[in-house]
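*Asks:* Dumping the structure here so I can ask a few things about it.
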Amino acid sequence: MSAHGTPIPMTSHRCGPLKGVAEVPGDKSISHRSLILGAMAVGETKITGLLEGEDVLDTAKAMQAFGAEVTNHGGGEWSVFGVGVGGFAEPDNVIDCGNSGTGVRLIMGTMATSPISVTFTGDASLNSRPMARVTDPLALFGAQTVGRKGGRLPMTIVGAADPVPVRYVVPVPSAQVKSAVLLAGLNAPGETVVVEKEATRDHSERMLAGFGADITVEETDEGRVITLKGQPELKPQSIIVPRDPSSAAFPVCAALITEGSDVLVPNIGLNPTRAGLYFTLQDMGADLTFENMREEGGEPVADLRAKYSPNMKGIEVPPSRAASMIDEYPVLSVVASFATGKTMMAGVKELRVKESDRIDAMAKGLRANGVTVDEGEDWWSVEGLGIDGVPGGESCDSVLDHRIAMSFMVMGMGSQKAVSVNDGSPIATSFPIFESLMGNLGARLTRDNH
Ligand code: S3P
């Protein structure tokens, strides 16, 4: 169960066609950053289309605890009165980030260069995830950390009273680590430099520039070199949050595997650092079209149409694409089950340290439902059974992971027999309207024992 609820067993029954417009919620990554940067600006930031999922609501509460004024005006309209870079107050209580790795890691970055002490905790999933990847670089600024064995939450961070700027080469492809270092660099004097060998989502860089920070990005032989000048005055912004391509993946993939489907997802963010799934699906033969490509609020946006695609083929997903679709491998593995031939997904070690070990969780559930999966430490492969070939019929463990729960719900929409999960409650962390949205398109989802 999630930090906020009791377990909700759910079942997805074969359905089709799925038809209509899927207005998926706002982007989770951009929503967290809007609240956090809004809290570090001086004055009122206005946000339209904020994702009102549990993860983001926990970040909103955290920003309030640090002294920012966060107001929900209804209908996805929010405002944040920021306290300025270096203006965070010490919270009176523990900061509970629920299920959210992005929330906790970014917030750790924001407070690590202020002279305050903060204790962080989360749900069972978050408290089992590695934090050293963030606290190691934060220590270079002068922050101190006391956590549980293996660098796990609950954890207290004592921010640096006299922070120094750092130069940090990110050892794993992680936008959360990159962003934590950049956010810490905001309140350090001089220039903080972050180098990433593989490009990861660049919302922090784009948004910091939008808020008026002096930030440059250079492509070099060493990788992407990001340089941020510390102690700027951030200017409040009006932000329109695009719809989340990672949430859009669920109705899109469901449409591909259910007969007669035709689903339009308007206004989805198609930042190239996020769009890898859609290119991969096209490579597999999916009927996807991008309409009205445009730019909104500094992010590329389009309307995406997905139609039933009965002749998809398994492919080798280029490892170079992994960072741009890291959250989408679970649902891709479901689509791969309905393609013909093998889909190979390599270079994906990071999947083992997400809200769950996503390779393990998907492999177990896919196998239980009749699909052959092979796996190694940093790769896995799925043997496709063709569009009508997936048996289904079994229940899967969603292991406190929203994307695992939604992926198995998509699987049930196309498999011969229904597919269940023991707990759908984590879906509310990122996609609180999942059941109603999918139901309106024509999916048959039921809550069991209720
Ligand atoms: C995110 C970065 C990714 C992604 C997560 C959101 C972000 O995590 O999986 O859902 O908003 O920065 P990593 O940084 O661990 O790759």
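Numbers run from 1 along the shown chain.
Cβ from N, Cα, C; glycine included.
All TrEMBL annotations are machine predictions without curation.
What TrEMBL shows for this protein is this:
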- ASP327: active site, proton acceptor (ACT_SITE)
- LYS28, SER29, ARG33, SER174, GLN176, ASP327, LYS354: 3-phosphoshikimate binding site (BINDING)
- LYS28, GLY101, ARG129, GLN176, ARG358, ARG403: phosphoenolpyruvate binding site (BINDING)
- 16-436: domain 'Enolpyruvate transferase' (DOMAIN)
*Asks:* From SER174, GLN176, ARG358, which binding-site residues have a C-beta atom under 6 Å away from some atom of ligand 1?
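*Replies:* With ligand 1 as the reference and 6 Å as the Cβ limit, the list reads SER174, GLN176.
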*Asks:* Average the pLDDT scores across the domain 'Enolpyruvate transferase' (16-436) and report the rounded value.
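*Replies:* The predicted confidence over the domain 'Enolpyruvate transferase' (16-436), as a mean pLDDT, is 97.
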*Asks:* Measuring Cα to Cα, how many Å separate SER29 (3-phosphoshikimate binding site) from GLY101 (phosphoenolpyruvate binding site)?
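*Replies:* Distance (Cα to Cα, whole Å): 11 Å.
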*Asks:* Measuring Cα to Cα, how far is LYS354 (3-phosphoshikimate binding site) from ASP327 (active site, proton acceptor) in Å?
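*Replies:* One finds 9 Å between the Cα atoms of these residues.
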*Asks:* Going by a 10 angstroms cut-off between Cβ atoms, which of the binding-site residues ARG33, LYS354, ARG358 has the sparsest surroundings?
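*Replies:* Across ARG33, LYS354, ARG358, these binding-site residues, the one with fewest Cβ atoms within 10 Å is LYS354.
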*Asks:* List only the single closest residue to ARG129 (phosphoenolpyruvate binding site), chosen from the recorded positions ARG33, SER174, ASP327 by CA-CA distance.
*Replies:* SER174
*Asks:* Hey, of the binding-site residues listed (SER29, SER174, GLN176), which one tops the CB count within 10 A?
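*Replies:* That would be SER29, with the most Cβ atoms nearby.
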*Asks:* Fewest other C-beta atoms within 10 angstroms of its own C-beta: which of the binding-site residues ARG129, ARG403 fits that?
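*Replies:* Across ARG129, ARG403, these binding-site residues, the one with fewest Cβ atoms within 10 Å is ARG129.
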*Asks:* May I ask for the distance between LYS28 (3-phosphoshikimate binding site) and ASP327 (active site, proton acceptor), taken between their Cα atoms and rounded to an integer number of Å?
*Replies:* 12
*Asks:* Rank aside, I only need the closest one: which of the recorded positions ARG33, GLN176, ASP327 has its C-alpha nearest to that of ARG358 (phosphoenolpyruvate binding site)?
*Replies:* ASP327
